[in-house]
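Taken from Swiss-Prot as is:
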type     : residues      : note
BINDING  : His83, His182 : heme b b562 binding site
BINDING  : His97, His196 : heme b b566 binding site
BINDING  : His201        : ubiquinone binding site
TRANSMEM : 33-53         : transmembrane segment
TRANSMEM : 77-98         : transmembrane segment
TRANSMEM : 113-133       : transmembrane segment
TRANSMEM : 178-198       : transmembrane segment
TRANSMEM : 226-246       : transmembrane segment
TRANSMEM : 288-308       : transmembrane segment
TRANSMEM : 320-340       : transmembrane segment
TRANSMEM : 347-367       : transmembrane segment
Amino acid sequence: MTNIRKSHPLMKIINHSFIDLPTPSNISSWWNFGSLLGICLILQIVTGLFLAMHYTADTTTAFSSVAHICRDVNYGWLIRYVHANGASMFFICLYVHVGRGIYYGSYMFTETWNMGVILLFSVMATAFMGYVLPWGQMSFWGATVITNLLSAIPYIGTSLVEWIWGGFSVDKATLTRFFAFHFILPFIITALTVVHLLFLHETGSNNPSGIDSDSDKIPFHPYYTIKDFMGFLFVFIILLTLVLFSPDLLGDPDNLYPANPLNTPPHIKPEWYFLFAYAILRSIPNKLGGVLALVLSIVILIIMPLLHTSKQRSMMFRPMSQCLFWILVANLLTLTWIGSQPVEHPYILIGQLSSMLYFTIILILMPLVSMMENKMLKW
């Protein structure tokens with residue numbers, strides 16, 4: 001008799017995706033982050049669902065409804081802080097996942113990669129709208145500043161901003177629609193994730209060496225299920241430590257005050273995971289130029305396959321490219337720090353230099369160094 005997991009229509013799909021999936025035998029722990037993102041997404045949907053049961057999307061009661069969740073709902077404080085810090089874990093996993101894709105040349109699977117970039121945009125949009133919901137000072141002013149950037153679009157900009165706001169400023173209509181979108185987007189992200197996996201399973205996983213691994217595959221279960229479980233354990237411990245010991249560590253103190261349209265905070269900034277893009281936006285004095293640079297800092301990922309000039313796929317055996325990659329990582333950390341600083345000397349100059357270096361490394365230096373390595377290897 002055939003095993004039910006191989007004959008049942010639904011079980012068969014799960015079996016081919018997570019159990020009998022042929023996987024390269026040499027993939028490292030950097031490949032754990034895909035499954036970690038799946039766990040983060042499930043965690044965010046579950047905690048978000050429970051929060052939505054008690055939250056009210058109204059400017060007069062939003063802030064107090066969040067306070068009510070923390071004070072009066074059973075384990076409401078835990079659900080709220082797991083959701084807030086879970087977003088931070090989500091972005092850490094997301095950035096490592098993208099970084100691994102760049103380092104090992106996973107972007108050569110163009111369909112999977114482009115789907116991933118769309119997913120990145122969707123998660124960023126969801127996180128931004130989620131940050132507005134508690135209706136604290138930084139929620140309100142962050143929403144005002146970021147949505148106002150769209151007014152830089154020629155001709156239709158102002159109308160577009162007012163259309164998004166549902167009025168002439170960020171108000172009740174804005175909060176209501178942001179809540180609606182924040183609720184529905186994670187389910188759209190789940191559907192996009194299925195498509196992302198579908199494309200990945202068409203080609204099979206990449207591996208650290210970057211060479212074809214068809215001759216050396218092992219089943220996903222039990223080898224990689226146990227390895228993924230170890231990753232879950234690590235992330236779970238870090239998340240729980242953060243939630244139970246310093247839940248507000250990554251938040252902004254200004255958000256502990258209710259939104260006040262009459263009082264502008266001295267330094268408006270988004271959540272830490274958007275600071276690198278925010279620093280790039282601020283480094284250009286022109287409003288439209290800044291918005292374009294902000295969008296390009298993420299869109300640039302789509303053209304990664306076109307910038308690949310090396311004869312080798314992975315950076316594993318390319319020390320010069322490795323150096324550039326880690327300079328890029330350091331540069332992104334610098335941009336994150338700059339984004340959290342006020343707009344004054346010397347932060348402005350450091351931000352401008354770092355932004356310029358970011359685009360220079362990706363668009364010019366990486367392709368050039370790859371060509372040099374080809375020459376040195378006489379390829």
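Cβ atoms are placed via backbone N, Cα and C, with glycine included.
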Binding-site residues listed as His83, His182, His201, least Cβ neighbours within 10 Å: His201
Whether the transmembrane segment (288-308) meets the transmembrane segment (347-367): three or more C-beta pairs under 8 angstroms: yes
Remote residues contacting the transmembrane segment (320-340) - C-beta distance under 8 A, at least 6 residues beyond either end: 99, 102-103, 269-270, 272, 274-280, 282, 310, 347, 350-351, 354-355, 357-358, 361-362, 365-366, 369-370, 372-373
Spatial neighbours of the transmembrane segment (33-53) far in sequence, C-beta under 8 Å, 6+ residues away: 69, 79-80, 82-83, 86-87, 89-90, 93-94, 96-97, 100, 182-183, 186-187, 189-190, 193, 228, 231-232, 235
Rounded inter-Cα distance in Å - His97 (heme b b566 binding site), His83 (heme b b562 binding site): 21
Distance, His201 (ubiquinone binding site) to His83 (heme b b562 binding site) (CA atoms, angstrom): 30
Among 77-98, 113-133, 226-246, stretch most in contact with the transmembrane segment (178-198) (C-beta, under 8 angstroms): 113-133
Cα-Cα distance linking His182 (heme b b562 binding site) and His201 (ubiquinone binding site), given in Å to the nearest integer: 29
Spatial neighbours, same chain, of His196 (heme b b566 binding site) - Cβ under 8 Å, 6+ residues apart: Thr112, Met115, Gly116, Leu119
